[in-house]
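Take a look at the structure set out below.
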Amino acid sequence: MAKESTTIDVGEPSTVTKSSSHVVKDAKKKGFVAVASRGGAKRGLAIFDFLLRLAAIAVTIGAASVMYTAEETLPFFTQFLQFQAGYDDLPAFQYFVIAVAVVASYLVLSLPFSIVSIVRPHAVAPRLILLICDTLVVTLNTSAAAAAASITYLAHNGNQSTNWLPICQQFGDFCQNVSTAVVADSIAILFFIVLIIISAIALKRH
């Protein structure tokens, strides 16, 4: 009796599995590239944030120092009077010095959080803390600049309605110093606005 033989056909290896694995690998690769790209952008923002804080520290310390040393004594005096002008003669200027000194101290304390944002660009907590604190501190800084600016304006122009005479014609150096301090603090306010925008952009990318 002849033995029947059975033949089993083995088809060609399917390419479906291979193509699927390639798709998965490509997707993972693209995802990794996207994450790395976002991380690089956030790190760049964090570095710019750190440098801007250093600049703001220099500006605020300079503004507080110039206002603190603003003082002038006129070369003439009477038997009972000596004509002198100083920052401590006006409460608005005293408030300016104290407030801007607080702002400068905060900026120094905020540097470690900025460094953490550079090392860990995807971390949300330090960036959120900086955003909240920057918003609060810029309010303090703006109030100090506004108070000092109003008194500086009166020193330059006076007020005819209240018979307040301008004093800057006599105390030129004093007015120059306080004006410089107000301008410097206004620049610091602009720095803070940029810092807040940077933090908002970094948080939006999460």
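Each Cβ is built from the backbone N, Cα and C atoms, and glycine gets one as well.
Cβ environment of Asn159 (N-linked glycosylation site): no same-chain residue six or more positions apart lies under 8 Å away. Look at Swiss-Prot and you will find Asn159 (among others) tagged as N-linked glycosylation site, backed by sequence analysis.
DSSP assigns Asn177 (N-linked glycosylation site) to a helical segment in the three-state reduction. According to Swiss-Prot, the N-linked glycosylation site annotation covers Asn177 (among others), on the basis of sequence analysis.
If you look up Swiss-Prot, you'll see Ala2 marked as N-acetylalanine, on the strength of similarity to another entry.
For 2-43 (among others), the entry in Swiss-Prot reads topological domain 'Cytoplasmic', with the evidence type sequence analysis.
The topological domain 'Extracellular' feature in Swiss-Prot is assigned to 65-95 (among others).
Sorting the topological domain 'Cytoplasmic' (117-127) by DSSP state (H, G, I as helix; E, B as strand; all else coil) yields 6 helix, 0 strand, 5 coil. As annotated by Swiss-Prot, topological domain 'Cytoplasmic' applies to 117-127 (among others), with the evidence given as sequence analysis.
Sequence-distant neighbours of the topological domain 'Extracellular' (149-180) (same chain, 6+ residues past either end, Cβ-Cβ under 8 Å): 66-67, 69-72, 74, 83, 85-87, 90, 92-93, 186. What Swiss-Prot records for 149-180 (among others) is topological domain 'Extracellular', and it gives sequence analysis as the kind of evidence.
Looking at the topological domain 'Cytoplasmic' (202-206) alone, the prediction's average pLDDT is 76. Per Swiss-Prot, the feature topological domain 'Cytoplasmic' maps to 202-206 (among others).
As annotated by Swiss-Prot, transmembrane segment applies to 44-64 (among others), with the evidence given as sequence analysis.
The transmembrane segment annotation in Swiss-Prot covers 96-116 (among others), and the record cites sequence analysis as its basis.
Feature annotation from Swiss-Prot assigns transmembrane segment to 128-148 (among others).
What Swiss-Prot records for 181-201 (among others) is transmembrane segment. A Cβ distance under 8 Å defines the sequence-distant neighbours of the transmembrane segment (181-201), meaning residues of its chain 6+ beyond its ends; these are 45, 48-49, 52-53, 55-56, 59-60, 62-64, 66-67, 70, 96, 100, 103, 127-128, 130-131, 134-135, 137-138, 141-142, 144-145, 148-149, 152.
Residues near Asn177 (N-linked glycosylation site) in space but far in sequence (CB under 8 A, at least 6 apart, same chain), listed by position: Val66, Met67, Thr69, Ala70.
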